[in-house]
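Trainee: Dumping the structure here so I can ask a few things about it.
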Amino acid sequence: MLRNKIMAPITKHYDYLVIGGGSGGVASARRAASYGAKTLLIEGKAMGGTCVNVGCVPKKVMWYASDLATRVQQANEYGLFQDLDLSKKNLTFNWPQFKEKRDAYVHRLNGIYERNLTKEGVEYVYGWASFNKDGNVEVSSTDGKDTSVYSADKILIATGGKPIHPENIPGYEFGTDSDGFFRLEKQPKNVVVVGAGYIGVELTGVFHGLGSNAHLVIRGDTVLRKFDESIQHTITDHYVKEGINVHKHSQVQKVERDDKTGKLTVFLDHDGEIIEDVDTLIWTVGRKSLLGLGTENIGLKLNERGQVIVDEYQRTNVPEVYSLGDVVGNVELTPVAIAAGRKLSNRLFGPEQYKDQKMDYTNVPSVVFSHPEAGSIGLSEAAAIAKYGKENIKVYNSSFTAMYYAMLEHKSPTRYKIVCEGPNEKVVGLHIVGDSSAEILQGFGVAVKMGATKQDFDNCVAIHPTSAEEIVTMT
């Protein structure tokens, strides 16, 4: 128990205090309360965290708009609306109107989160939390006028992360980040996105699909370098083919802004390249833990990246202080934080059967909402060879054009890869690119998690005609 030294009045004592109202924190708080734990959740901004407010949810809404814009342009070739010219030159998108609808949807979700907490018996307060020297949690109200102090038997730090800004680059402040993307009031005609990770790839795809002239600046030869090479090359090549300006082997040297027009000029280090007349520059060069909680007052250990160090049971070095989600690192995905939060509360407050429950961070499926989508679970081909040896790995590949594009002049690629290990050909990696990859991967993710072999895949009768049938018919 974190005991107070009678140096500050305690407003209230709880069984469980959760700092951070994101997906992981909310899931853990609700699960704890369901077992009867007296629970308090503290959130500084809006309930739902990054995912609901400036991440997965509004991003996917924007992806839908961008994807639909592409589908509409294909309608003429399917014999539809042929009295209308639906080519890209006539594409229009009402960004301000759509932003208003999107923001209203997010606001509704904030309310749903609050009501679910109340329904489960979780108390919550809005304010900024920090540990004081007594080991208790001080909360300053969002207006800064009031401060309350809370104590608890157990405390969870689930504060998430925030975008990194490259402060070493002159003029970096003229750009914004992925949070700022959702604040844009109008669509930029000419936009530069910096970063080869999934956030940069997704935002670039959204802009391009909605008609902006999009530039993507990457340090290497491909995007999505943490994924299998099949995904890296397929998405990179298709983005280039579709007309996205991908600046390879490039880094931003400096950024200048014209005070009269507000336009930006972005200087790259590759062949003296300059991108002019830029309306918006977006940095997607990584994320870091969101702390600033006075963790030094309780002696909390962090790693060299400023992330909270935890063991396999989400325990920090401080007794009865736990942490999970993006503030810890590991697998930074919303469903992972939710699962980890629920399992932690099961173990701390649930019945005896959960006393050893912990999150399994292996074989976690993840997708990229690029154009087309990409999905992955397990080891890449390179990682599998490094782990098991090349002689113990067999790889199945398939590249084809989905039937949808048979009627269309412009095609979008589909590429699937199955990575198998050992004489039984256990599937240790599945990597897919193509339409509906996110939906396809969810089901196959279950199979991989259960330890399926290539023969198990083959034993499943194909659903025809689909793209996914290729995964169970590869030879």
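From the backbone N, Cα and C atoms, a Cβ is placed for every residue, glycine too.
Pulled these from TrEMBL:
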DOMAIN    14-341  domain 'FAD/NAD(P)-binding'
DISULFID  Cys51-Cys56  disulfide bond
BINDING   Lys60, Asp326  FAD binding site
BINDING   Gly195, Ala196, Gly197, Tyr198, Ile199, Gly200, Val201, Glu202, Gly286  NAD(+) binding site
DOMAIN    364-474  domain 'Pyridine nucleotide-disulphide oxidoreductase dimerisation'
ACT_SITE  His464  active site, proton acceptor
Trainee: Between the Cα atoms of Cys56 (disulfide bond) and Gly197 (NAD(+) binding site), what distance do you get, rounded to the nearest Å?
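Mentor: About 15 Å separates the two Cα atoms.
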Trainee: Around Ile199 (NAD(+) binding site), how many other CB atoms lie within 10 A of its CB?
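Mentor: Excluding its own Cβ, the number within 10 Å is 23.
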Trainee: When the pLDDT values for the domain 'Pyridine nucleotide-disulphide oxidoreductase dimerisation' (364-474) are averaged, what is the result?
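Mentor: 98, rounded to a whole number.
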Trainee: Have a look at the recorded positions Cys51, Lys60, Asp326, His464 and say which one has the shortest Cα distance to Gly286 (NAD(+) binding site).
Mentor: Asp326
Trainee: Which residue among the recorded positions Cys51, Cys56, Val201 has the fewest other Cβ atoms within 10 Å of its Cβ, if you could check?
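Mentor: Checked Cys51, Cys56, Val201; of these recorded positions, fewest Cβ neighbours within 10 Å: Cys56.
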Trainee: Hey, of Cys51, Lys60, Asp326, His464, which of those recorded positions are within 10 Å of Ile199 (NAD(+) binding site), Cα to Cα?
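Mentor: Cα within 10 Å of Ile199 (NAD(+) binding site): none.
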Trainee: For the domain 'Pyridine nucleotide-disulphide oxidoreductase dimerisation' (364-474), how many residues does DSSP put in helix, in strand and in coil?
Mentor: 40 helix, 35 strand, 36 coil
Trainee: Between Gly195, Gly286, which of the binding-site residues has its C-beta surrounded by the fewest other C-beta atoms within 10 Å?
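Mentor: Across Gly195, Gly286, these binding-site residues, the one with fewest Cβ atoms within 10 Å is Gly286.
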Trainee: Here are some recorded positions: Lys60, His464. Which one has the most Cβ atoms within 10 Å of its Cβ?
Mentor: Lys60
Trainee: Including all protein chains shown, what's the count of other C-beta atoms within 10 A of the C-beta of Asp326 (FAD binding site)?
Mentor: 30
Trainee: Find the one among the binding-site residues Gly197, Val201, Asp326 whose C-alpha lies closest to that of the residue listed as 'active site, proton acceptor'.
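Mentor: Looking at Cα distances from the residue listed as 'active site, proton acceptor', the smallest one goes to Val201.
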Trainee: Using C-alpha atoms only, work out the spacing between Cys51 (disulfide bond) and Lys60 (FAD binding site) and round it to an integer in Å.
Mentor: 10
